[in-house]
Amino acid sequence: MMGAEKPALGFAEVDELELSSPAGSPPPPPRKMHSLDFEHIGSLAAVAESLSPGSRWGRALTSVRVVIFQAKINVLLPFGPLAIMLHYLSGKHQGWVFLFSLIGITPLAERLGYATEQLACYTGPTVGGLLNATFGNATEMIISIYALKNGMIRVVQQSLLGSILSNMLLVLGCAFFAGGLVHSDRDQVFNKASAVVNSGLLLMAVLGLMFPAVLHFTHSEAQYGKSEVALSRFSSCIMLVAYASYLFFQLKSHRSMYSPIVDEEEAIEDVEDEKEITQWEAICWLFILTIWISVLSGYLVDAIQGASDSLNLPVAFISVILLPIVGNAAEHASAIMFAMKNKLDITLGVAIGSSTQISMFVIPFCVVIGWMMGREMDLNFQLFETATLFITVLVVAFMLQEGTSNYFKGLMLILCYLIVGASFFVHVDPDAINWAPAAIII
């Protein structure tokens, strides 16, 4: 009767283990299933904690996901490595290397603008615009020095000029046009005082470029072939001092003058900017993207001559018009994004600030570096290019004098850039020779 009764499961298992054990042998160790489960759970929890958004590795993975995988334009990133592979596997298809490099740089430049926008959330609009202009022109300075080392002075001049024209007409025009369409019910307002200061610096840059050209074409040099270069070097030193004074004026002594103008309703809505990555992550991405763009730029400029032959386009047109469109993609994307968010002060800091930095810092810097290298880099950009820059600065200065923008002003700037582009398409550079260009504006 009692044997018919079914004992509890736990006691039955213990009896079976004791009965099945041979005499004199120790019983098998008890099972520690529950403790092992706790250990596995603890290890999984540690891994999950290490990959959580608040941890170091979790933040890194989140940053990579946001910067690399979030933007749809990054599907073009593989074209960069493909261009490098094609460059080494086949030296005959330089046109394809140029095209692939051009496509591969585009998403990198756009992401550079995104990283700068994120950094501007921590530094403010004034420093943010200055940082965007600086990182947008960093590669340009590196490639320009490389070109100077190889004696390609004319290409450096045309590329620098093309970047200024692209920023002032195309980038600013598209920003005004896009911002005007989004905010079509009213004119957008920006800081008029800072715009006037930038316009004055651009006119000073035109002054510095004009006199060496006039001295050359009037044949009024005191010492032929030497006075023009000497004047360019002296003017470059003065322009560098002026730009350094401008930075002190902007960031230190008159910082309040560059405070952004924002409507009260938008100020309430935008109390906190959208911060998707941290400040140090944004700085790290700026350096990584700038280095990668510099690498691709080297392959791109080496293939320009081959692309010119295959596309049957003048090298001057490619240097002045086509390259800055892609090279200024960082400024282009950032300026449009900020204009659509009604942050025109950052837009001006990106577009006009970049033009000011090129004309007042990069060009004089290249003259001084060429001086150290023994290269006679001067400020004589030829009569056609100098006149184009002078008219462009005047048009933009008139557009900025009211302190307001709308889509019609943007449309006029875009149409002016089309006229400039057509002019360079039919223009023959008097100093054109068979050289391979080695400068690009980024």
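Including glycine, each Cβ sits where the backbone N, Cα and C put it.
From a predicted model like this one, the values you see are computed outputs, not experimental measurements.
The feature domain 'Sodium/calcium exchanger membrane region' is assigned by TrEMBL to 96-251 (among others).
Taken from TrEMBL, the feature domain 'Sodium/calcium exchanger membrane region' covers 283-420 (among others).
Long-range contacts of the transmembrane segment (66-89) within the same chain: residues 96-97, 100-101, 103-108, 110-111, 114-115, 276-277, 285, 292, 295-296, 299-300, 302-303, each at least 6 residues beyond the stretch ends and with a Cβ under 8 Å from a Cβ of the stretch. The transmembrane segment annotation in TrEMBL covers 66-89 (among others).
Per TrEMBL, transmembrane segment is recorded for 160-183 (among others). For the transmembrane segment (160-183), the residues of the chain that approach it from at least six positions outside its boundaries are 137, 140, 144, 202, 319-321, 323-325, 327-328, 331-332, 335-336, 338-340, 342, 344, 347-348, 350-352, 354-355, 358-359, 362-363, 366, 381, 385, 388-389, 392-393, 395-396, 405-414, 416-417, 420, 439, 441, judged by C-beta separation under 8 angstroms.
Taken from TrEMBL, the feature transmembrane segment covers 195-218 (among others).
The feature transmembrane segment is assigned by TrEMBL to 230-249 (among others).
According to TrEMBL, the feature transmembrane segment maps to 282-301 (among others).
Feature annotation from TrEMBL assigns transmembrane segment to 313-339 (among others).
Sequence annotations record features per position, and here TrEMBL assigns transmembrane segment to 346-373 (among others).
If you look at the transmembrane segment (379-400), the same-chain residues 6 or more away from its ends with a CB under 8 A from one of its CBs are 157-158, 161, 164-165, 168-169, 172, 192, 195-196, 198-199, 202-203, 205-206, 208-210, 212-213, 215-217, 228, 231-232, 235-236, 320, 348, 352, 363, 367, 409, 412-413, 416, 420, 423, 427, 429-431. If you look up TrEMBL, you'll see 379-400 (among others) marked as transmembrane segment.
The transmembrane segment annotation in TrEMBL covers 407-428 (among others).
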Comparing 230-249, 313-339, 346-373, 407-428 for Cβ pairs under 8 Å with the transmembrane segment (195-218), the winner is 346-373
So which of 313-339, 346-373, 407-428 has the most C-beta pairs under 8 Å when paired with the transmembrane segment (230-249)? 346-373
Which residue counts does DSSP give the domain 'Sodium/calcium exchanger membrane region' (283-420) for helix, strand and coil? 115 helix, 2 strand, 21 coil
